[in-house]
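Here it is, the structure, as structure tokens.
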Amino acid sequence: MKTIKGSLLASGLVASNAVHATTPKYCATGADNVCFRFGIPQSSADSGSGNIYFQIKAPSTYSWVALGTGDQMKGSSMFVMYQDGSGNLTLSPRLGTGHSMPKEDTSSSAAKLGLLAGSGVVNGVMTANIVCPNCESWNGGSLSLTDTASEWIAAWKSGPSLATASKSASITQHDDHDQFQLDLTQATVSSDTNPFLEADTADPGSGSGGGSIGGGGDSDGPGVVVGPGNPFGPVGGGKRRDGALVAHSVIMTATFAALYPLGSMLMPLIGSWIAHAIWQSVAFVLMWVGFGLGVRVAQDRNMLFNNTHTRLGTAVVFLLLIQPVLGFMHHKYFLKYRERGVISYAHIWWGRILLILAVVNGGLGLKLTNAGNSAVVAYCIIAAVCFGIYAIVKSWAVVRRGRQQGPHFRKSDNFTHKQRYPVGRQPYRPRNRV
């Protein structure tokens, strides 16, 4: 990669003053024919400002497609394309903040995007030929029109058409993202006119009339270098944000699908309330760590409390605050009467119900983040194995407890014959007097 990058950038330096007949084209890795073209008029390159042209092209099976400046979402000037519902396209200039899904940039420095001839939705293909007279600067950033290694990011979301002409339409989390570098000196064109009509004619696979748009990464034009890394992340944080999402998923899966069920089995297995309390306390702390990471990720993605996963997850976590209290009350009752009472069954079934809800909610989380099949399969296997073991151990405990119960008393797990009577209810035995 370094060798390719170095040679391309070097060639860009040599040809920095050249005018090119074709516009560089890049098709995003991991997407189905999501492609971009760029054109910088010689007059704009010479003055450092003025019109620049770019093209966004994708199948109409995408709900939206975005192109952005920079190597990460925070501070990026973004151009989002989606259908308006009448066969045309809507272009929305947006500013990446790094703390939420990008919203329309309504500031005085917002990109003034114009649609040119050849734009529209034809034969299942969305094509936006765009001119921007002020994209060299925006609130918080700038773009050199002669940069030999300009950074760009892209993202896309499959799904139904947004069918709106509103530039402020709400968009949901992307399916995937990409990063690349562009030598803008390789995108120089002679005239300040739409350069994409001629380019589309020369490249039938990318014309606005439909058909195949391109061949993925192999169709990258001159001056394009695919950049490593994860610029978009889950909205504005790159690898750091993806790390928070993975950590949230791993911690919550381990806590609810493994640690809590296993901790519940300690009582029937070893009869130690101390081991049970310590184990569940560790799981309780980890749950709050995972919850905090989840809130952070949801805020970054603008998904907090606007979907079932975040609402149900928050409810489960806060309802579990009652569980330690119920456990303590159950323990005190059991020490006094050596048998289960109403509070005992409240503690047991409150925990079971919330665990089931939590595991279901984990599946909703995987769906919300468009997790791959491998992640879904792994989650299902972990949950099934742990809850299978849980069911076996609990069933065994019920059978054992039934065998230990006499006709006139109830006896708890792992208590001896001397403990069969509740405290204060032992039969009267007269003491020998001296």
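Using the three backbone atoms N, Cα and C, a Cβ is placed for every residue, glycine included.
Just so it is clear, the model here is predicted, and its values are computed rather than measured.
From TrEMBL, for reference:
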- 32-159: domain 'DOMON' (DOMAIN)
- 194-233: region 'Disordered' (REGION)
- 206-226: compositional bias 'Gly residues' (COMPBIAS)
- 244-262: transmembrane segment (TRANSMEM)
- 269-291: transmembrane segment (TRANSMEM)
- 311-330: transmembrane segment (TRANSMEM)
- 342-364: transmembrane segment (TRANSMEM)
- 376-393: transmembrane segment (TRANSMEM)
Do any residues of this chain, six or more beyond the ends of the transmembrane segment (311-330), have a C-beta under 8 angstroms from a C-beta of it, and if so which?
252, 277, 280-281, 284, 287-288, 291, 294, 305, 340-341, 343-344, 346-347, 350-351, 354, 357-358, 360-361, 364-365
Do the transmembrane segment (342-364) and the transmembrane segment (269-291) come together with 3 or more C-beta pairs under 8 Å, pairs six or more apart in sequence?
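Contact between the transmembrane segment (269-291) and the transmembrane segment (342-364): absent, because fewer than 3 Cβ pairs are under 8 Å.
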Over the span of the domain 'DOMON' (32-159), count residues by DSSP class, listing helix, strand and coil in order.
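Tallied per class, the domain 'DOMON' (32-159) gives 6 helix, 65 strand, 57 coil.
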Looking only at the domain 'DOMON' (32-159), report the model's average pLDDT.
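Computed over the domain 'DOMON' (32-159), the mean pLDDT is 91 on the 0 to 100 scale.
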